[in-house]
Amino acid sequence: MTRIEMAKKGIITEEVRQVAQEEGVFPEELSQNIAEGRVVITRNILRNIKPLGIGKGLRTKINANIGTSRDKTDIQEELEKLDIAVKYGADAVMDLSTGGPLTEMRRAILKHSSVSIGTVPIYEVAVRAIEKYGNIVKMTVDDIFNVIEEHAKDGVDFVTVHCGVTKKIVEMLKSGDRVLPIVSRGGSILADWICYHDKENPLYEYFDRLLELAKKYDLTLSLGDGLRPGCLADATDRYQLIELITIGKLKDIAISEGVQCIIEGPGHLPLNHVETNIKLQKSICKEAPFYVLGPLVTDCAMGYDHIAAAIGGALAGMYGADFLCYVTPSEHIRLPDKEDVKEGVIASRIAAHAADIAKGYAKAWQRDNKMAEARRNFDWQSQISLSFDPDKVHSMRSERPPLEDEKVCSMCGEFCAIKISRRAVE
């Protein structure tokens, strides 16, 4: 039985109890949310890692993307990025590799990782199609499902599948009323195939086959937003919403068949669209876990897109998004390096933490209360350990320490407001 099937029968597993204890929720409530598709636990039955709960009533989680490209295929560097992502707090990591030995890359990441791993199998299908047939559009239906099963057999915990990029939507896109028709790599690959063959998206047409495969491994399906807006001008348009409605229906089918689902979301959104988008998804998809890329709240933050994404992510999380995909400073520019990964993870963690505070998540509040107490007591060791980047904080304080009183910092010195006010009122 899958997790959903066990939860529907009222069976509370040790895995559920473990997640419930970590999150500070009742196992019975968590199990009910799993049964009804409001929470997922992403762990392939073939992997022995700490289970990751994502969804209603749980801490906001973050994902970091790594992986090779055709321009850079250094597996060791990607493993180092994985270590950095986990060190700074990524709850999950996705391998988005498109260059080099993809199977070797994926298996190395799975072997090396202590956290949930996700992939986008259509990337590998496309790479193999070019190698085998000389063209992406020559890939077959069996090619697609065979690669998905390979990923599942290797132990991948969740996969992005762009089931909502239907033939109807692709035909609608030809009207030309979008600035950026498709910015999803997987979505564009499937749209290209649909147009060439004049056939329906195999992931939509044969969704039952996908569910059968997912059940074998208790593989979580991340229903990808192939029509997500790639710029503010396209935000919350008809293509995005039609796809959301489509994957919402597919999600209901999946839950009824015992398969866990996450819903992926935008993308590029102006701040005043964020609340509406979260509420629409939660309504249409019946509170299924929502996984957002950012969202980026401006198109013009190149080099600083991690900041734009953190602003959007904090707001999205506050309104109910459950899973934030990080964005790095190199977004829209190049393949991220190790420093980009670190900066992206930290920015996303801050956003998720800020959202959890707004949601009233007890452990988030406890951390901030401890920081406030440490500042009151000039407890620098605690302040450093409670920060999101202790190494950086320690280094900054060491580089420019106070000249006289070690309690204060070199910004205010003897004019420290906390020191003066405590002297005055205590």
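Cβ from N, Cα, C; glycine included.
Site annotation for substrate in Swiss-Prot covers Asn65, Tyr123, His162, Ser184, Arg185, Gly186, Asp225, Gly226, Leu227, Arg228, Glu264, Tyr291, and the matching candidate from Met94, Met105, Met139, Met318 is Met94. Ranking the binding-site residues Tyr123, Gly226, Arg228 by Cα distance from Cys412 ([4Fe-4S] cluster binding site) puts Arg228 first. According to its DSSP assignment, Tyr291 (substrate binding site) is in a strand.
According to DSSP, Cys409 ([4Fe-4S] cluster binding site) is assigned to coil rather than to any helix or strand. The two recorded residues Tyr291 (substrate binding site) and Cys416 ([4Fe-4S] cluster binding site) have their Cα atoms spaced 42 Å from each other.
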